[in-house]
Amino acid sequence: IDAVSEASYLLFTQASLCYKSTAFMVNKQSLLELLEIMDCEIFEPKSAEHEKILAAQARKIKRLCLFFLTSATTTCTLWAMIPLFDAASKRSFPFRIWMPVTPLKSPDYELGYLYQMVSIYISAFLFISVDSVAVSMIMFGCAQLEIIMDKIQKIKYVFESADSEEGRRNIIKTNNEFLVECIKQHQTVERFIQLCEDTYHANIFFQLTGTVAIICNIGLRISIVEPNSVQFFSMLNYMVTMLSQLFLYCWCGHELTIRSENLREWLYQCPWYEQDTKFKRALFIAMERMKKPIIFKAGHYISLSRPTFVAILRCSYSYFAVLNRVNTE
């Protein structure tokens, strides 16, 4: 069980990385289309407030990705220390994989050790790079929805803002233009998120399903190894890394859905009752369309949300309990 569990979590991790990296390169054209949409005119910030919204979301996702990066590099460093502390009496490589060199003599041992650690660090950085691109685009969609909310607040009251009939007509015309701009921007956000989902849904689905197996194996490894060993702390930190990666996706998807749901309420709170028939008709159609929130789905099936995160944890614990019982028996 010990050897199988150690090989399994490494297998699932590397398989997930290979698939995500390959899919990322294959979908290069879709990535370029996404970047082109992000750079389109309707997404350009129109005021200092819009720039603050974009900067705030950028800082938020930067902090989350930095935590993920720190956790991943710490895990790799702890793996590098396992042969030096837990198996100091005999030479061994950090991972039990087939190597064309033997750890019993130099410089074979040093070359094999260096090869494994360079490979695992590269894997960690590739993991983070692919994930950071996907979640950054999701949070960009969140920022655009917040900008739409800010634009909705600029819809003016007709009778309070102007005394003359001509002034009221100008305000009504401006309000109609604001509403049309908000609707077009919302449609562009929907198209952007749909393209983002089409590009990364398979990656994220593979990651979510693989994370269940990885967490189970890590939990089993933690229950097997010595509590005060470097390997124990490396497994514990690796579990934190996988959970933070899973939470990163689910949290970003949840934020996107919540903002798309709140957008409909913001539309209703604008002074629509003072506008003309054209405004009210467009508002009604937009609100009916927004009854369906924007939901980012992994594999076009699993919605990224906090309940999904909790469900995956429960599923992982159930499988871990079964494996642990088999191991004890």
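Positions of Cβ are set from backbone N, Cα and C atoms, glycine also.
Per TrEMBL, these features apply:
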- 64-85: transmembrane segment (TRANSMEM)
- 113-143: transmembrane segment (TRANSMEM)
- 204-224: transmembrane segment (TRANSMEM)
- 230-252: transmembrane segment (TRANSMEM)
Exercise. Output the single range from 64-85, 113-143, 204-224 maximising the number of Cβ pairs under 8 Å to the transmembrane segment (230-252).
Key: 64-85
Quiz item: the transmembrane segment (64-85): which same-chain residues, six or more beyond its ends, come within Cβ distance under 8 Å?
Solution: 91-95, 113, 117, 120-121, 124, 127-128, 131-132, 135-136, 229-231, 233-234, 237-238, 240-241, 244-245, 248, 251
